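Chemist: Okay, these came from TrEMBL:
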type	residues	note
DOMAIN	47-150	domain 'Ig-like'
TRANSMEM	20-46	transmembrane segment
Amino acid sequence: MKIYWNLLYKRRISFRFHSLAVMLHRMFFVYGLQQILIFFVIFITIPESYSLRDVRVKIPHTIRRGQKAILKCLYDIEDDTLYAVKWYKGRREFYRYTPSEEPPMQVFQFPGVRVDRSTSNETHLVLDSSTMATAGKYSCEVSADAPSFHTLIAAGELQVVELPHHQPLITGIRSRYHNGDILRGNCTSRHSKPAANLTWTVNNEEVQPSHVRHFKVLRDSKSEMQTSVIALHFVVNEHHFQKGKMKIRCIAQIGDVYYTTTEKIVLCAAYHHHHHNYHYQRYENDENEFNNVITSNKDYAADVNQYALQDRTLVGQSTGSSNNYISQVQELTAWSTAGNIDEAKSCRTLLYLWVFYFLVTFFRLT
């Protein structure tokens, strides 16, 4: 009898339509063709009602590598009898639960999918020791038993991420700045998959896009881990300091499973003739001023990215990947230098005006 029911199920034969054919055959001889057509129109307008309905899945959108994943397949079967629950990854079945069989659970080997048999059942599927290969599209197929054999499917996406081992690193930003100085630096989040999304804030307010630059994601050819880099560049003004302090923060985020920040406090320095490694001498009046601007930017870019060039896991073992990173450093230099040349011209003009004002005042007093 069971074989007969399975045969009907596989060939999608409905007893409802079989009964209809018998009734039409009898009515043809009793009532005639007109009555048969009226009955048929009424019959097809009545919707079929199935007890199995509302099949849905609850799959975590993102989990960490190594974390346990709990996939739920929920349904309302009402007066029907459950025949089987099947789970697919892509188009391949890897889990089946059939209450009428002994044992009811069947697990089929699939790369990256490790089923916890002790806690899985007809509604819950538990995956242990998730890897990057565990990520993908999962579908749950629920089938009712005879006589309806009604089947419904629901699907969802699971993403597995590798989190960075360290907090984002801020480089190139000094502890003190004068009003009018140029602040520039990098924030780097290394070795994750996918790459972390980085954002800058100054005093808890997001920085304007014109002062931020995102670089291409760096990918390690062997481990496939990714590194994201974001640059910051703006002219320091008095309004940046609150009670003499400016709070710069880099935020790294991956979906809803990873959120961390790195913070640096910058103090307002007293006004004096100041010289440092990354910034040119703004008050120097000679023909080499523009060259100082370019040189200081190159020193800055080389310094803040020196650790990355030494870290072979970041740039990869190949010369091509190292050159790719160096080209990005050169892009950073060109980007920050282009704005600083205009600023240097403005500083020179302002210096000339101050000298002119000083000379006029001096001659008037004498």
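Keep in mind that glycine also has a Cβ here, set from the backbone N, Cα and C atoms.
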Chemist: Within the domain 'Ig-like' (47-150), what mean pLDDT does the predicted structure show?
Modeler: 91
Chemist: Go ahead and report the DSSP secondary structure tallies for the domain 'Ig-like' (47-150): helix first, then strand, then coil.
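Modeler: Helix/strand/coil tally for the domain 'Ig-like' (47-150): 3 helix, 50 strand, 51 coil.
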